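Report on the following structure.
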Amino acid sequence: MTSSSGAAAAAPAHPPTSADGSGKALYGGKSSRRITVHDITAAKERGEKWPMLTAYDAMTASVFDEAGIPVMLVGDSMGNCHLGYETTVPVTLDEMAVLAAAVVRGTRRALIVADLPFGSYQEGPVQALRSATRLVKDAGVGAVKLEGGERSHEQISLLVQSGIPVMGHIGLTPQSVNAMGYRVQGRGEEAAQQLLRDAKAVQDAGAFAVVLELVPGELAAEVTRSLHIPTVGIGAGPETDAQVLVYTDMAGLTPGRVPRFTKQYANLRQTLGDAARTFADEVVTGTFPQAEHTFH
Ligand SMILES: Nc1nc(=O)c2c([nH]1)NC[C@@H]1CN(c3ccc(C(=O)N[C@@H](CCC(=O)O)C(=O)O)cc3)CN21
Ligand SMILES: CC(C)C(=O)C(=O)O
Ligand SMILES: [Mg+2]
């Protein structure tokens, strides 16, 4: 930190601008307008790494927006993280539309990407276009994400031709949990070749980026080198262009077991539980409310 201003003490321990000083960086950049998929493309050309977090409500999204997180994913992980389902499979387009609109309203700068939920694009390109159009028009998202490589090529292609930016998602695709489980993907020569074909299919269909979920780090590095669009890793090692985590995992809110690839940066479950217990104790002991909380 080279700044001599008093504000530096409270600032995060990161450079306030891009490493090259251009001020264009996705994280730490100076621009306050909303980030577009063109900014994502330009970041890959600069060789810049960037962070993505999930968000499911306006309040949390505003925290991440103020922290400078450049891309937020309204993930169908809202199913297990927010709506109390076991998996992402039951999430509906209606649920996605409500929460995605909230995230858009809570943010000014971040590019908002919404997952197309299971069943909202598998019927084919026309269904995919109808679903994605709803999220773009009603919720106001800047892009959508859908799962599958070669198998989703036609869907991605029609959305992109229609003017809707698409993020792909290959490797572990949780909407297929009933068929594939939650296992590392791309292990062994045949599976690795399939993953490379899936990555190429997503890029050829016109996607602006692709999530690589739960694949060996060496394979994720190879995919990243072989594509001109950025790769976004989750459980895919350090060599992808970007990294995404489910925010409840990284903030320590998710109950029970979390995937091994996540890192916990805070313990909000503990903090929030402590606040609730302190409030409750003060109510039963008559410590809260005091005179300053009372009207006369
Ligand atoms: N809270 C949460 N975090 C996530 O990362 C996440 C979701 N929910 N929901 C949607 C998908 C599902 N994801 C998952 C779910 C389970 C594993 C899991 O159990 N992985 C094992 C590794 C299995 C292996 O070694 O093959 C692990 O121990 O991490 C991984 C990703 C990632 N996504
Ligand atoms: C794990 C990420 C990539 C996702 O798809 C989600 O949160 O739904
Ligand atoms: Mg998802």
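A Cβ is built for glycine as well, from the same backbone N, Cα and C atoms used for every other residue.
Curation plays no part in TrEMBL annotations; they are all automatic predictions.
Positions annotated as active site, proton acceptor by TrEMBL: GLU213. Look at GLU213 (active site, proton acceptor): DSSP puts it in a strand.
A strand conformation is recorded for ASP115 (Mg(2+) binding site) in the three-state DSSP classification. The local packing around ASP115 (Mg(2+) binding site), expressed as other Cβ atoms within 10 Å of its Cβ over all shown chains, amounts to 29. TrEMBL lists ASP76, ASP115, GLU147 with the feature Mg(2+) binding site.
Neighbour count (other Cβ atoms within 10 Å of the Cβ, all protein chains): 22 for SER77 (3-methyl-2-oxobutanoate binding site). Sequence annotations record features per position, and here TrEMBL assigns 3-methyl-2-oxobutanoate binding site to ASP76, SER77, ASP115, LYS145.
Taken from TrEMBL, the feature compositional bias 'Low complexity' applies to 1-19.
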Residues close to Mg(2+) site centre defined by ASP76, ASP115, GLU147, Cβ within 8 Å:
GLY75, THR88, VAL91, LEU116, PRO117, PHE118, LYS145, LEU146, HIS169, PRO174, GLN175
Can you go through the binding-site residues ASP76, SER77, ASP115, LYS145, GLU147 and pick out those with a C-beta less than 6 angstroms from ligand 1?
SER77
Across all the protein chains here, work out how many other Cβ atoms are within 10 Å of the Cβ of LYS145 (3-methyl-2-oxobutanoate binding site).
24
Rounded to a whole number, what is the top Cα to Cα distance in Å among the residues the record ties to 3-methyl-2-oxobutanoate, namely ASP76, SER77, ASP115, LYS145?
13
Less than 6 Å between Cβ and the nearest atom of ligand 3 is the rule; apply it to the binding-site residues ASP76, ASP115, LYS145.
ASP76, ASP115
Among ASP76, SER77, ASP115, GLU147, the binding-site residues whose C-beta sits under 6 Å from ligand 2:
ASP76, SER77, ASP115
